[in-house]
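Swiss-Prot lists 14-34, 58-78, 103-123, 187-207, 228-248, 273-293, 311-331, 336-356, 451-471, 493-513, 587-604, 608-627 (among others) with the feature transmembrane segment, giving sequence analysis as the kind of evidence. Look at Swiss-Prot and you will find H102, H416 tagged as Fe(II)-heme a binding site, backed by similarity to another entry. Taken from Swiss-Prot, the feature Cu cation binding site covers H279, Y283, H328, H329, and the record attributes it to similarity to another entry. The heme a3 binding site feature in Swiss-Prot is assigned to H414; the stated evidence is similarity to another entry.
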Amino acid sequence: MNFPWDQLLVKGNWMITMAQIGAPFLVIGLIAVITYFKLWKYLYKEWFTSVDHKKIGVMYLICAVLMFVRGGIDALLIRAQLTVPDNKFLESNHYNEIFSTHGVIMIIFMAMPFIFGLWNIVVPLQIGARDVAFPVLNNVSFWLFFAGMILFNLSFIIGGSPAAGWTNYAPLAGEFSPGPGVNYYLIAIQISGLGTLATGINFFVTILRCKTPTMKFMQMPMFTVTTFITTLIVILAFPPLTVALALMTTDRIFDTAFFTVAHGGMPMLWANFFWVWGHPEVYIVILPAFGIYSEIIPTFARKRLFGHQSMVWATAGIAFLSFLVWVHHFFTMGNGALINSFFSISTMLIGIPTGVKLFNWLLTLYKGRITFESPMLFSLAFIPNFLLGGVTGVMLAMASADYQYHNTYFLVAHFHYTLVTGVVFACLAGLIFWYPKMMGYKLNETLNKWCFWFFMIGFNVCFLPQFILGLDGMPRRLYTYMPSDGWFLLNLISTIGALLMAIGFLFLVVSIVYSHFKSPREATGDNWDGLGRTLEWTTASAIPPKYNFAITPDWNDYDTFVDMKEHGRHYLDNHNYKDIHMPNNTPVGFWIGIFMTIGGFFLIFETVIPALICLFGIFGTMIYRSFQIDHGYHIPAAEVAETEARLREARIKEREAVSHES
């Protein structure tokens, strides 16, 4: 076993050197704080080993916000480099590393855990379930994601980051990228992807088997419907990525030749594998985002969602078509006119079900009694901005025109108008919307609105000029340009917009900190002035009790909770409580994550024997779990009755306070 010590430390860049010096101090400081406040046992027992879907969701969201910061810093470094012509702020390879990691982090390690965090917190509550179908697997899934996240971020200070773009095309990612950088990409995404696939299976089964028996599919909230359909995409799309990553890993570590032309390999095989996963991946993050908008818009329009069934069918149509469009990512790679024509038409067809959704949201707003809370502001801003992303997407879908737009900043502007407005706006809106359900208090609305205005205006200032830059011929992934190119002014404006977005995000961080200390606590559950329309708002706030629902709720219409409130009924009015069975916490996922992180690290540096030892550790942990007799535990009916009585009393007091104010 010869570990490549000479590849361990990245040298020659002042930013990386500062990170290498600062990272140990950050870790030591974090350990010191946890030790000082004696939190190790609490964190391990209550969080790291928890199988409670709500706590797992919170851990996903914490990771997602941290990765938002990391990906945002990458974006600011990119904009700093391109602000002025002939800039020497970053050298070319470091710039390549930054735009590569920016894409991976924002898609894989920010957007997906943000969505999965909201799935975990909201979906079981929306369907009347006490937990997900496989609670232990849910914990394992999180730690697989966490292991991948740690490994990928470790690359910045140990070994070097991948520099072949977020698409990691062969042969650039093969023989032309020596060192551990691309290995970090392959192993980290592989480990995280296993967790994602397990999450998809888990929530697919949860929605099918754990929902309240009276809830029919067409009566489910749209966030749950979009989650269910997205899990199907996850189950079908991630295996091709898993295969592609495994093949390239064997190419790099074991000298196979799946993608090496000199030995009979096919680089285009990677492009097809990647985009067979890559374009459905866009809908893996954007369909749940559509579900978030479909919850927020009816709530603050005080109206039933228009065309609920057509929204369900439109979501299914988008999911189906998402597997028929991947070639539009490489129209210029010599596919031929017939193939390009087919994929051009199939790409345009996605605009039809997407248009159905847009019109349904607009018709929901029509004659609604709209109030402009911050989640609603993000949702309203999404519609026109996403429309611009969709229209430019149709332009790019025209294969002949794509030869002009391909690999220019026009494409960069397009997919940011699609993903930032479609996903990031939704994540921020969803976080603010369901934050009181998680924490028991709302985020400060004034600070939230400052966040919205800075972020939304900054977004348009940043990316609108990039359409013009692309039409003017500026290639993407260009690390510098000459004054004679004439791109300085628009790049300067774009950088100013990025700074405004960063300020907007800082307002959200300030809102989270400020609200923790200052916002009034709300334990009753229906936190947005009694406007809740779905089952999660019937439960208590501040992470509802472990069992979620004391009795199985009845649900016989899309807006049953609205009808219940209008007639003064509540599912808690039934006092016939029984003992509730719950699963025990388990350390299995945590230790699998530890073994995956250590084994993945050694495999990245092509040191196979320690990686195999860690693999045996993973199998040993799984075998230990298989032979463990764990029947869970029961919450006594008396304890349930006491908890529900407290919640009922708090709800009555809140109703009396509201009546007194009115």
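Even glycines carry a Cβ here, placed using N, Cα and C.
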May I ask for the distance between H414 (heme a3 binding site) and H329 (Cu cation binding site), taken between their Cα atoms and rounded to an integer number of Å?
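On Cα coordinates alone, these residues lie 13 Å apart.
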What else in the chain is close to the transmembrane segment (493-513), if you only count residues 6 or more beyond its ends and a Cβ gap under 8 Å?
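Residues 68-69, 72, 75-76, 79-80, 82-83, 428, 443-444, 447-448, 450-463, 465-466, 469.
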Return the residues near H329 (Cu cation binding site) by Cβ distance under 8 Å, restricted to its own chain and a separation of at least 6 in sequence.
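Once residues fewer than 6 apart are set aside, H329 (Cu cation binding site) is near A271, W275, G278, H279.
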Mind giving me a neighbour count for the residue listed as 'heme a3 binding site'? Other Cβ atoms within 10 Å of its Cβ, every protein chain shown.
25
Please indicate, using numbers and ranges, the residues of the same chain that are 6 or more beyond the transmembrane segment (14-34) and have a C-beta under 8 Å from a C-beta there.
40, 43, 94, 156-157
So what's near the transmembrane segment (451-471) in sequence-distant terms, Cβ-Cβ under 8 Å and 6+ beyond its ends?
79, 374, 377-378, 381, 385, 392, 405, 408-414, 416-417, 420-421, 425, 428, 487, 490-491, 493-505, 507-508, 511
Count the CB pairs under 8 A between the transmembrane segment (587-604) and each of 187-207, 273-293, 336-356, then give me the winner.
187-207
May I have the list of same-chain residues other than H279, Y283, H328, H329 whose Cβ is within 8 Å of the Cβ centroid of the recorded Cu cation site, in sequence order?
W275, G278, P280, V282, S322, V325, W326, T347
Against which stretches of its own chain does the transmembrane segment (273-293) lie, if we need a Cβ under 8 Å and a gap of at least six residues from its ends?
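For the transmembrane segment (273-293), the far contacts come to 107, 111-112, 115, 118-119, 167-169, 221-227, 229-230, 233-234, 236-238, 240-241, 243-244, 247, 315, 318-319, 322-323, 325-330, 357, 361, 379, 382, 418-419, 422-423, 425-427, 429-430, 433.
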Roughly how many angstrom lie between the C-alpha atoms of H416 (Fe(II)-heme a binding site) and Y283 (Cu cation binding site)?
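So the Cα of Y283 (Cu cation binding site) lies 14 Å away from that of H416 (Fe(II)-heme a binding site).
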Counting across all protein chains shown, how many other Cβ atoms sit within 10 Å of the Cβ of H328 (Cu cation binding site)?
21
